[in-house]
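**Student:** Residues or ranges marked as active site in Swiss-Prot (evidence: sequence analysis): 50, 122. Taken from Swiss-Prot, the feature Mg(2+) binding site applies to 46, 122, supported by sequence analysis. The domain 'RNase III' feature in Swiss-Prot is assigned to 4-133. Sequence annotations record features per position, and here Swiss-Prot assigns domain 'DRBM' to 160-229.
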């Protein structure tokens with residue numbers, strides 16, 4: 001059995017049942033060369049880990065972004081659980097070093113193959129879940145995926161507002177909101193743009209940003225806020 005002490009430290013988890021972590025590291029190629037190994041490969045644990053990862057991120061996104069619709073929540077979750085994200089995290093904890101691989105797979109750089117790393121990482125999450133429960137697994141995921149979660153936070157501030165405003169305005173008034181830059185200031189390399197969103201001859205709101213897109217997004221967000229405030233006021237009458 002490999003010494004998994006350093007891997008436990010990287011994960012921030014001390015296993016009660018270390019055989020779960022070992023099982024998560026066993027690739028099918030190793031099982032094929034060791035037929036007497038009774039517990040099989042990590043594929044079943046990979047299945048469980050994938051589900052655990054998905055539900056933890058779905059829960060986090062649902063509570064962090066109450067105003068964002070299902071389509072964008074799904075896109076955010078896909079960004080978090082995609083193979084590239086899993087591989088980055090797996091490389092960060094040097095997971096490939098600990099994989100049980102068959103000789104041929106090892107010789108063909110199997111310790112660095114994205115599919116092997118992503119699958120093993122999902123299996124490791126399953127091992128943590130089975131050994132420590134959902135709360136401990138959640139803590140590990142949020143710590144290891146900090147970079148990906150920060151990216152989603154940034155994306156959430158720049159998307160959705162324009163499409164949501166368009167849906168609202170079209171539903172309420174059968175009009176399509178448009179955007180225009182009405183002013184800018186500051187040096188050429190660091191302009192501050194002012195945008196307004198309007199329908200026909202009615203200005204709905206203004207917004208500002210360091211790019212035209214950011215200014216338009218800000219205007220859409222402000223317009224949405226005004227609509228929401230007006231709806232709330234009507235409800236209270």
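A Cβ is built for glycine as well, from the same backbone N, Cα and C atoms used for every other residue.
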**Student:** Can you tell me the CA-to-CA distance separating residue 46 (Mg(2+) binding site) and residue 122 (active site), as a whole number of Å?
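**Tutor:** Residue 46 (Mg(2+) binding site) to residue 122 (active site), Cα-Cα distance: 5 Å.
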**Student:** For the domain 'DRBM' (160-229), what is the mean per-residue pLDDT, to the nearest integer?
**Tutor:** 90
**Student:** Which one of these active-site residues has the most other Cβ atoms within 10 Å of its own Cβ: 50, 122?
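**Tutor:** Per the Cβ count, the most surrounded site is 122.
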**Student:** Whole-number answer please: how many Å between the C-alpha atoms of residue 122 (active site) and residue 50 (active site)?
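**Tutor:** On Cα coordinates alone, these residues lie 6 Å apart.
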**Student:** How many other Cβ atoms are found within 10 Å of the Cβ atom of residue 46 (Mg(2+) binding site), counting all protein chains shown?
**Tutor:** 20
**Student:** I'd like the per-state residue tally for the domain 'RNase III' (4-133) from DSSP, helix first, then strand, then coil.
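**Tutor:** For the domain 'RNase III' (4-133), the helix, strand and coil counts are 95 helix, 2 strand, 33 coil.
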